[in-house]
Amino acid sequence: MRRILSRLFVVPAIALAVLLLAPAPSANAHGETAQEAFLRMGTVSFWDVKFSATEVEQGEQLKVTGTAKILETWPEQLGEPELGFIGVVAPGPVVIIKERKINGAPAPHAIEVHKGGVYNFEITIAGRRPGRWHVHPIFGIHGAGSLLGPGQYIEVKESGKAFTNPVKLASGQVVDLEKVGMGDVAFWAVVWLVVGLVWLLYWIVPKRTVARLPVTSQIPLNTDGMEYGLITKRDHKAMNVIMAVTLVLLAGGWIYQARAYPEKMPQQVLRFEPEPVAMTPSFVQAKATEVRYDDATHTVTMIVDVKNTGTRPATLQGFTTTTLTFPTAGVAEPVDGRSMTVSPSPTVAPGQATKLTLTISDHVWREERLIPIGESRMQITGVLRFKDDAGAENFVTVQSFITSLSA
Amino acid sequence: MATTYTTTDARPPDSRTEALRALLNRRYRFLDRKWDIVFWATAVFVVAAAADITKLLFAGDWDFWTDWKDRQWWPIITPFAVIIIPSALQYIQWLAWRMPTGATYTALCLAVASWIGRIVQWDWFAGFPLNFVWPVSIIAAAIWLDWVLLKTKSMVLTSLIGGFGFALILWFANYITLAPFLQPMEWMGLPMTVADVQGIEYVRAQTPEYLRMIEHGSLRTFLGETQYVSLAFGGTLAVAGYWIGQAIARGLAIWPIGRYIKKF
């Protein structure tokens, strides 16, 4: 019996020890596939996301550029989008953000946003910690949550010298953002630690502790027990001195900071509404009427009614949903090996109204948990990109419920 | 060890006083200094954990980042969060040993725990620079709290005078270390503080800037002197926090032990 019991404890204990001691693999995902597919597809769409480099040295900069749109299909249950924040997600401060522009304007903080808003972002980041890091752009909407854009591995190489982050203060002084103010923080941490220790050790070193309980348990709470020797006048005097020293240190510290850092201001909250991007006048209308999904072949088939209202032929360039883009085969280069076929033809003549069949066969629908089977709203949403022969582009949001789960 | 004691009046002590004096100086065979060391040393971990968890639970981000240490919410939230456990320990140590040490002891435990956490978790593991994630120090404020208890010998007065002063001293002591981070600079041509720039540059994964709860301005501000209103409100909340600590000490720490002992 003892043997069985000991095994019952020993085996899980060994398993736990192995689990705890085994080296953990680094996390390269940021929970993007955990969100419901229909919400990922129907809220924010990213396109043309580019990283200017995939390998930088510590301190060396690269740009993350692209476009994010809050889709017109933003679901009502998430509330109206009013405040958003475009940033980057990485495993902590492995990179630092040196600049951020939204629609061409500096945007250090959150911006005022709205449904249908298109935001061109340009984020300059610099390598900080050596390693291979997965970096995404991210669009957070206040009250709803954050949506990730397409990610990219960035290799930050060791520069061979200690990383510094020099910034210029308004006074003209250049400081290292990695270390500025740390001297003051450390100094005062030690000062207060010493003063606190003096206070504490005064009581606990010369005086007995536990042996006082038989006396304190017999006297009222609102007395210092001076008549029994629990607290003496000498104790009072000593504590007065330490309290006075504390107040003097506070006053001294206050005078020091006022002299050392005369120019100060409160933390800032810089919010604004970015100027809308110049959009090409609409020359195409599109409406998804039917979506089918075949699980056996991982194929999404979408029927779209398209009307060219412009004066030039318009060609369907591709379909974008969440972080994925499927360029039209034969029209644009595949992205990460992905493409879609369009029949009868991706080009729509001026004035022509037609029905296009978009076919996308890709394991990514399953891998990215993008088919909302089992979710409360089985709906596919994305952006169709049309281009006329003069180079003008239209981005049209389409959405449809999945009408069949087989081809 | 001889104990020096002084009576408050010149009259000869009565027999009960004499008995208690003798009891204080009595030598116990098993209740020696080793138990004192055991108490003070083992309590460090429990007290540090309790204080740190309470702080993280209530003050969280205001204590993590310099760009959250603002003049409106920081002086309100932090004193409330960090006075609870010092108050509890103050009651316990005053009741049991008659030592005005509970708040300072907690503050020292918290300082050690916070710094270990910031260095190991935030700097070494997560990679944030320490000058962005330094914790507040509550030691000066805790000394004040213990001193007020020593002088007043009253938990009620300590809560009112000590609690309010605790919030003020906490802010004064930590504003000294915050000052370098409030220096103005420009980021992409826009004026902001060093702390703001730290908040922008050092990526906080999946923490959009709009989650930062700091002073945003209000039509109800008092001639722009937000910090004084916040300090007054923070002081009041600290008084309330003090009594939460008292409730924890009296209800959860002392009362169950008393019940347990009575059974024997």
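Here the Cβ of each residue, glycine as well, is placed from N, Cα and C on the backbone.
According to TrEMBL:
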type	residues	note
TRANSMEM	B:37-60	transmembrane segment
TRANSMEM	B:72-91	transmembrane segment
TRANSMEM	B:103-120	transmembrane segment
TRANSMEM	B:132-150	transmembrane segment
TRANSMEM	B:157-182	transmembrane segment
TRANSMEM	B:228-253	transmembrane segment
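Segment contact is absent for the transmembrane segment (B:157-182) and the transmembrane segment (B:37-60), given fewer than three CB pairs below 8 angstroms at sequence separation of 6 or more.
Of the Cβ pairs linking the transmembrane segment (B:37-60) with the transmembrane segment (B:103-120) and spaced 6 or more residues apart, 3 or more are under 8 Å, so the two regions touch. When Cβ-Cβ distances under 8 Å to the transmembrane segment (B:228-253) are tallied for each of B:72-91, B:103-120, B:132-150, the top count falls to B:72-91.
Long-range neighbours of the transmembrane segment (B:103-120) within the same chain, counting only residues 6 or more positions beyond its ends whose Cβ lies under 8 Å from a Cβ of the stretch, are 40, 43-44, 47-49, 51-52, 55, 63, 82, 85-87, 89-90, 93, 130, 133-135, 137-139, 141-143, 145-146, 149.
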